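Asks: I'd like to ask you about the structure that follows.
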Amino acid sequence: MSSKVQTLGEFIIGNQSEFAYSTGELSRLINSIRLAAKVVNHEVNKAGLVDITGAVGDTNIQGEEQQKLDVYANEKFIQTLTNREIVCGIASEEEDDFITIKGHNKDHQNKYVVLIDPLDGSSNIDVNISVGTIFSIYRRITPEGTPVTLKDFLQPGRNQVAAGYIMYGTSTMMVYTTGHGVNGFTLNPAIGTYYLSHPNIKLAETGKIYSINEGNYIKFPQGVKNYLKYCQLEEEDRPYTSRYIGSLVADIHRNMLKGGIYIYPETSTAPNGKLRLLYECNPMAMIVEQAGGKASDGFTRILDIQPTELHQRVPFFCGSKKMVEKAEEFMQKEG
Ligand code: AHM
Ligand code: MG
């Protein structure tokens with residue numbers, strides 16, 4: 001590896017001055033996520049070897065079966081974030097309620113809240129397909145020195161100060177933004193260092209990939225059905241290619257690099273879709289917008305939605321700007 005290649009650690013320090021409140025705390029926070037991700041990566045990578053992939057038997061707040069690695073990742077991220085004097089609260093997709101962190105002096109002085117999906121797509125672990133961690137960071141809005149409240153977590157996504165994901169794939173990558181573009185870092189597992197491999201990621205304005213669980217076609221709203229027909233027509237640069245892994249981080253990551261649209265719409269049985277606004281859609285929307293793309297619920301910009309509850313779900317249309325605009329056009333035509 002050439003000595004000119006920047007490591008994630010160097011990058012975080014080098015770009016600290018770009019942060020809105022440049023006290024170094026956000027850098028330390030991102031650093032702690034980087035460290036926890038390394039530990040989780042180690043476990044995910046050996047998941048096929050040991051009996052760690054089975055379902056624990058618990059069900060999470062969404063009534064889904066929780067698997068051992070979800071529990072492990074959840075614990076690791078919470079533990080790492082709690083041990084630092086940076087966050088005053090954590091909300092996790094795997095926890096019913098948010099966690100209050102008093103800080104070492106028990107004075108609630110820490111500034112940031114973190115919302116995290118510790119291991120998304122975990123049903124893919126058993127079959128050796130990429131999974132990911134998604135995180136979202138806000139400054140608290142209630143005064144420092146008081147315990148964090150639900151209000152601090154229910155901020156619209158446009159207030160995020162940073163967002164990112166870690167993809168445990170053929171290579172492990174961390175991709176994040178602090179509102180100044182998107183950068184991707186690849187882990188060299190031999191030495192445990194992430195290197196800047198994808199500087200300033202830009203999403204093509206349009207692409208040729210659409211990603212949706214088409215098995216649910218019958219349950220889709222008419223606007224989505226019409227858009228899918230449009231994607232499949234032999235016209236101009238179409239038909240597009242259909243690619244769906246069923247692992248949000250991997251599907252979005254591929255589309256960011258290749259150009260495309262990801263859709264998880266509302267269905268007749270899930271009127272708000274499946275994905276969670278706070279842990280999945282907001283962070284992905286910030287990243288995709290920072291890369292020049294677009295994210296909406298078919299009608300409204302994701303980052304402008306005022307959340308009303310921690311585990312809220314929302315329909316999600318995300319990816320290349322022109323493709324999302326076209327899908328919105330079909331949605332809006334059907335009202
Ligand atoms: P999870 O948070 O329970 O892991 O579910 C989220 C996952 C996403 O990664 C993926 O995009 C989606 O669920 C796939 O859902 P489906 O199997 O309904 O297509
Ligand atoms: Mg998830």
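Positions of Cβ are set from backbone N, Cα and C atoms, glycine also.
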Asks: Determine which of Glu93, Glu94, Glu144 appears in TrEMBL for the same Mg(2+) 1 site as Asp117, Leu119.
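Replies: Site partner of Asp117, Leu119 for Mg(2+) 1, according to TrEMBL: Glu93.
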Asks: Kindly point out which candidate in Lys76, Lys151, Lys274, Lys294 is recorded by TrEMBL as part of the substrate site with Asp120, Gly121, Ser122, Ser123, Asn213, Tyr244.
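Replies: Looking through Lys76, Lys151, Lys274, Lys294, the residue TrEMBL assigns to the substrate site is Lys274.
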Asks: Given that TrEMBL lists Asp117, Asp120 as binding Mg(2+) 2, which residue among Glu235, Glu236, Glu266, Glu280 does it place in the same site?
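Replies: Looking through Glu235, Glu236, Glu266, Glu280, the residue TrEMBL assigns to the Mg(2+) 2 site is Glu280.
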Asks: If you measure Glu280 (Mg(2+) 2 binding site) to Gly121 (substrate binding site) at Cα, how many Å is it?
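Replies: About 11 Å separates the two Cα atoms.
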Asks: If you average per-residue pLDDT over the domain 'Fructose-1-6-bisphosphatase class 1 C-terminal' (204-332), what number do you get?
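Replies: Per the prediction, mean pLDDT sits at 98 for the domain 'Fructose-1-6-bisphosphatase class 1 C-terminal' (204-332).
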Asks: Identify which of the following binding-site residues, namely Leu119, Asp120, Gly121, Asn213, place a Cβ less than 6 Å away from any atom of ligand 1, and list them by sequence position.
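Replies: Among Leu119, Asp120, Gly121, Asn213, near ligand 1: Asp120, Gly121, Asn213.
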Asks: Determine the Cβ neighbour count for Asn213 (substrate binding site): the number of other Cβ atoms within 10 Å of its Cβ.
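Replies: I count 15 other Cβ atoms within 10 Å of it.
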